[in-house]
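Contents: one structure, followed by commentary.
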């Protein structure tokens, strides 16, 4: 179940699981898919070995509902995958999802004339943890979606029984859903499955994925403290903003079958699974000209995982193919130049990054309309380099150009808009306009919460930025809370040596430092340094930040000679990376002067 407070708002997972479903329903699933599923179950101990063997021997697509209702844990495994957006499970069970949906659809078409036009009631009993129930209470009057298959019953007493059992579990509430079904609403197929079900005695109605209801009432059942009735009405209403974004993401995850699936995985931050699929697609492609997109996407995977050398290698493979087969001003070449520029920017080679970004922009300005969204990406990229180099007014002008295009061409909740708000917020932060910066960062976070999965690395970026502003405004506890949220997401989604983790350790170290807990701060700074020394070039400006922070901790611990050593390392890197008037250079030079006087 996913629900949100606004009356017509749905969670982003509704969109992404819907696109997953669309892709899997369009794909062909052969007998090999069954063998892959049973191998996955054996390896991960998902089902009893007896059931796995039986499934492998006996499964047929026309028995999908029978197997869905068979008490073997298959249905709960599939629905868990859909609820949590577990790509491994969804992909492994793609054939089964396809077959269950198809059988429901066929039964729906056979039964539709028997429903008439009269609204009828179905019931569902289940447990909710208290935190989810509190969210549900806030949703009254709003929309609620079931992103998984939904089992309901015509028998109210059976459903109450399930709710009562659930209410006896620790920290759980028993919920009886009373669902009003208008047969004239034909968005999601459903079917009476008595004949197809393993349980012939149950009056079960099974809905396919993505049923949307309006929450009309929530009330406590008589004398039952942990039991609640929730009245739902099947609705054709939807989240219009999310629908626009869904259409856009569908276009962005273009291609066919496995290509689309790989592109979606990259979009939602499931990098390991995307890499696995792109490598398979690359191996299966014999024509060199068709390999370039896969090299590009693999470059994106490695860049997001912080493996910049591999990212460059893949991006350069794509560029060489494009240069061989495409005209010199083709937009795909611009994409390659932007990609390579981004890696050089992350590696701290800003002049090289700017050179590639400008090549990309030159092609785009000649070949694309002036409000094309790809131009906005280039403007943002160039703005980022000027920002790092300390030319804030130039950076801001590029960011504003990007935002102007995006506001005209993208849905208002598109993640690229959030990127522009972040960039502009960073500028206001550099200009010490902290409350203005915070408002841009909060706008970005609001968009990301509506458009990205809850553990996407870009959300961590926003929490990181918001934490930075609270720190600047003297709100230490708020800052620490935001930085810890960022770190938790990054730990879950990124490799353990990713540079963004080092950034989070530095930020949390900074918070402890400002609270006078110097040894605790130092331990976080050292964690950051350990990652950066393994993954970044020795002259990367981010290393200089860690050297500076570590030096600052030693200075406050009165270890002045150690502090000086770290400050000098920071200065050496910044002098090589930045123009002589860069604010970081001025800051560390003043600090070194102060420390030398104390020796």
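Easy rule for this one: first residue shown is 1, then count along the chain.
Cβ atoms are placed via backbone N, Cα and C, with glycine included.
According to TrEMBL, the features are:
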- 292-325: repeat 'TPR' (REPEAT)
- 334-367: repeat 'TPR' (REPEAT)
- 376-409: repeat 'TPR' (REPEAT)
- 418-451: repeat 'TPR' (REPEAT)
- 460-493: repeat 'TPR' (REPEAT)
- 502-535: repeat 'TPR' (REPEAT)
- 544-577: repeat 'TPR' (REPEAT)
Contact ranking winner - 334-367, 460-493, 502-535 against the repeat 'TPR' (418-451), Cβ under 8 Å: 460-493
Need a quick answer: max count of Cβ pairs under 8 Å to the repeat 'TPR' (544-577), which of 334-367, 460-493, 502-535 is it? 502-535
Can you tell me which parts of the same chain pack against the repeat 'TPR' (334-367), counting only residues 6+ beyond its ends and a CB-CB cutoff under 8 A? 296, 299-300, 303, 308, 311-312, 315-316, 318-319, 322, 374-375, 377-379, 381-382, 384-385, 388-389, 499, 536-537, 539-542, 577
DSSP puts the residues of the repeat 'TPR' (544-577) at 31 helix, 0 strand, 3 coil
